[in-house]
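*Asks:* Residues annotated as substrate binding site in TrEMBL: Arg29, Asp85, Glu86, Ser87, Lys127, Gly141, Asp142, His220, Ser221. The Fe cation 1 binding site annotation in TrEMBL covers His98, His123, Asp124, Asp253. Residues or ranges marked as Fe cation 2 binding site in TrEMBL: His194, His220. According to TrEMBL, the phosphoserine annotation covers Ser33.
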Amino acid sequence: MKVVVGPDPSLVYRPDVDPETVKDKSSFRNYTSGLLLDRVFATYKLMHTHQTVDFVRKKHAQFGNFSYKKMTILEAVDMLDQLIDESDPDVDFPNSFHAYQTAEGIRRAHPDKDWFHLVGLLHDLGKVLALAGEPQWAVVGDTFPVGCCPQASVVFCDSTFQDNPDLRDPRYSTELGMYQPHCGLENVLMSWGHDEYMYQMMKFNKFSLPPEAFYMIRFHSFYPWHTGGDYQQLCSEKDLAMLPWVQEFNKFDLYTKCPDLPDVDKLRPYYQGLVDKYCPGVLNW
């Protein structure tokens, strides 16, 4: 059964795209014009209205016992193919191909880091939340900390937070909000979506990947931090040390309509080997 979801703003606009891979690089991360702007804006309006401290805590409680489904990593990769973005007529290949394309791009650039290759395959698997009935604005898109005032580089910052009740709460409406200076992003409550869910799922299932991998998964959609340079007041020295890894990963997490689709059947044994090494067996989702 195919599950049709709305436009994924985290895929429609991507930064740092190699100009050789797209026809018009100005269309990426363009939030001022474009055919999908209205729908993307609507997604962020819902996100920035409803992503509150209370909402995020409830989602952690709802999904934190990881009783939604039991499956292997590669079964989850295949499951992504049930997600179709009907707003984009130019993409007619399975979503899982993006996972393999990302992983293979990393593999070419970093042949000695097999754990990094696996991160490319894993990074969007949290989107299985959409198949659990979660709304689009609680699965995809750029992430941001809740519990403090949104900073300038949050997309549509000036026009989408007016109805968020946290910004009328003095505990959450300042630059630091409920946090201490330089408390570290590990102590920050991020907006709920596929990044946070997958990060928590990896911890729950005790993936034996290095800390860099967990940072890449948890913060790859945190564009206001790794690209916008905001939220420095919350960052620890550890976060700043990890930032280049997150930025390196994001070079490969691009929305490119590449005509050279990977031969998944040929690649699958290699990635099965990585799964067996770092996160084997049937996992709790």
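For all residues, glycine too, the Cβ spot is worked out from N, Cα and C.
What TrEMBL says about a protein is an automatic prediction, not a curated fact.
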*Asks:* I'd like to confirm something. Which of the binding-site residues, His98, His194, His220, Asp253, has a Cα closest to the Cα of Lys127 (substrate binding site)?
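*Replies:* Nearest by Cα distance to Lys127 (substrate binding site): His194.
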*Asks:* Give me the Cα-Cα distance between His220 (Fe cation 2 binding site) and His98 (Fe cation 1 binding site), rounded to a whole Å.
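*Replies:* On Cα coordinates alone, these residues lie 15 Å apart.
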*Asks:* Ten-angstrom check, please: count other Cβ atoms within 10 Å of the Cβ of His123 (Fe cation 1 binding site), all chains counted.
*Replies:* 26
*Asks:* Taking the Cβ of His194 (Fe cation 2 binding site) as the centre, count every other Cβ atom within 10 Å, in any protein chain shown.
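*Replies:* Total other Cβ atoms inside 10 Å, all chains included: 26.
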*Asks:* In Å, rounded, how far does the Cα of Ser221 (substrate binding site) sit from the Cα of His194 (Fe cation 2 binding site)?
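*Replies:* Between the Cα atoms of Ser221 (substrate binding site) and His194 (Fe cation 2 binding site), the distance comes to 9 Å.
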*Asks:* Of the binding-site residues His98, His123, Asp124, His194, which one sits closest to Asp142 (substrate binding site) when you measure Cα to Cα?
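*Replies:* For Asp142 (substrate binding site), the spatially nearest of the binding-site residues is His194.
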*Asks:* Cα of His123 (Fe cation 1 binding site) to Cα of His194 (Fe cation 2 binding site): how many Å, rounded?
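*Replies:* So the Cα of His194 (Fe cation 2 binding site) lies 9 Å away from that of His123 (Fe cation 1 binding site).
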*Asks:* By CA-CA distance, flag whichever of His98, Asp124, Asp253 among the binding-site residues is nearest to His194 (Fe cation 2 binding site).
*Replies:* Asp124
*Asks:* What is the Cβ neighbour count of Asp253 (Fe cation 1 binding site) at a 10 Å cut-off, with all protein chains included?
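*Replies:* Taking every protein chain into account, the count is 23.
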*Asks:* Would you mind checking how many other C-beta atoms are within 10 angstroms of the C-beta on Lys127 (substrate binding site)?
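*Replies:* 25, counting other Cβ atoms within 10 Å of Lys127 (substrate binding site).
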*Asks:* Using a Cβ cut-off under 8 Å and a sequence separation of 6 or more, which residues in the same chain sit near Asp124 (Fe cation 1 binding site)?
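*Replies:* The answer is Leu80, Asn95, His98, Ala99, His194, Met198.
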*Asks:* Starting from each candidate's C-beta and looking 10 angstroms out, tell me which of the binding-site residues His98, His220, Ser221 has the most other C-beta atoms.
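*Replies:* Top count of Cβ atoms within 10 Å goes to Ser221.
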